[in-house]
There are 2 protein chains.
Amino acid sequence: MKINYPDGRIFHNKPSQTSLDVDTTNAKKKMIFGDRGMTLEEEINESNKYYRSHDIAVIYKKPTPIQIVKVDYPKRSKAVIREAYFRQASTTDYNGVYNGYYVDFEAKETKNKNIFPLKNFHQHQIDHLKKCQKQGGICFVIIKYVALKRYFVMPADNIFAHWDAQKHDGAKSIQLADVVDCSIEIKADYNPTLPYIKAVQQLIESGKEKK
Amino acid sequence: MKINYPDGRIFHNKPSQTSLDVDTTNAKKKMIFGDRGMTLEEEINESNKYYRSHDIAVIYKKPTPIQIVKVDYPKRSKAVIREAYFRQASTTDYNGVYNGYYVDFEAKETKNKNIFPLKNFHQHQIDHLKKCQKQGGICFVIIKYVALKRYFVMPADNIFAHWDAQKHDGAKSIQLADVVDCSIEIKADYNPTLPYIKAVQQLIESGKEKK
């Protein structure tokens, strides 16, 4: 059973659908026991759970920001939000701490096999990553090519270069070869599902070499 | 005009109220132009805005986690959340990066003049702060004594000591004298409203001395 967790994307994809019921209990079960067909978000959340429970890193996905308009307070029952809207996040989706380093990243899936479209990013995400990097944070993007089942940790600097270049060269996407070239490839595994902290460690070490 | 932003506390305080309308536009205006009667959350958010715009630190309040149950997708209009509930956060409210350091903290107001009740904390917040500190994060609590108009940055270690001690000594609160003794006092100011990063810098420097 496929469960769609509502966020901005699903709203855009399914504008004609009404009253989508989200069974979060089942969604949770799927996250815990599923090891096939996981979304990148689920894979990262599972990995973060592993990293936290093993004292390797403390990294969380931030909750989706919601603009609340109306709340009901029924007697002898908990508050019910009756009108609210999805807001655009001003930051990236994930942040936390690993071995003294601030870690900040965005996760993006693509169904394309040869390119990664830059429209996957918003200006505010790029700006946020730039600001965090300036403060000494370890910043990157995890890209999943769904059809290829390949995962890459792409350093933020390389994203910035492509993002800023599109104003001049007009390129609306990054070629797979370029992603392979500048990123650290990681393989889906078991415990953690996606061992991306290994790549973070490599980024830290390569940063030290540069200095 | 006082605007109550709905969160867990307000739900508990006003169980009999129905259909509270939240005008976030006015709430925003109040945050920008108000300099009196701000809540601690508003003061910290304003300060964070200042720190970000001056490239001093990148720290945000995390969105309130919401469990979404039902979403309507009206034609030619944006998605409307029609049933959702406030969830308890598994982390603290604020985190980010300052000068290469991961910063993680909780903000607590009290109306008491002599004590700070420990029931202001939840076990999961203490656990989260402990885990972050273990990873090398700079962890603390900002306490505001509303009646006294005094603000303290209390290092997480001191919170842990009082929290863990209550199992044995049964003390349900921290005396003001103890808070004064172990914390860095900060004064409300203008730009930033609450210059807590100065205290963070002191915490970092005192940590270095210990090593």
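Glycine residues also receive a Cβ, built from the backbone N, Cα and C atoms like all the rest.
Any TrEMBL annotation is an automated prediction that lacks curation.
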For the Mg(2+) site that TrEMBL assigns to A:T91, A:D93, A:Q125, which of the candidates A:E83, A:E106 is also assigned?
A:E106
Which chain neighbours of the Mg(2+) site, leaving out A:T91, A:D93, A:E106, A:Q125, have a Cβ atom within 8 Å of the mean position of the site's Cβ atoms?
A:A89, A:T92, A:Y94, A:D104, A:F105, A:H128, A:L129
List the Cα distance (Å, whole number) between A:T91 (Mg(2+) binding site) and A:K108 (site 'Transition state stabilizer').
14
Within a 10 Å radius around the Cβ, which one of these binding-site residues has the most neighbouring Cβ atoms: A:D93, A:E106?
A:E106
For the recorded positions A:T91, A:K108, A:Q125, proximity to chain B (Cβ under 8 Å) holds for A:T91
Quick check for the class: what is the C-alpha distance, in angstrom and rounded, between A:D93 (Mg(2+) binding site) and A:K108 (site 'Transition state stabilizer')?
10
Around the Cβ of A:Q125 (Mg(2+) binding site), how many other Cβ atoms lie within 10 Å? Please give the count over every shown protein chain.
21
Per DSSP, three-state class assigned to A:D93 (Mg(2+) binding site)
coil
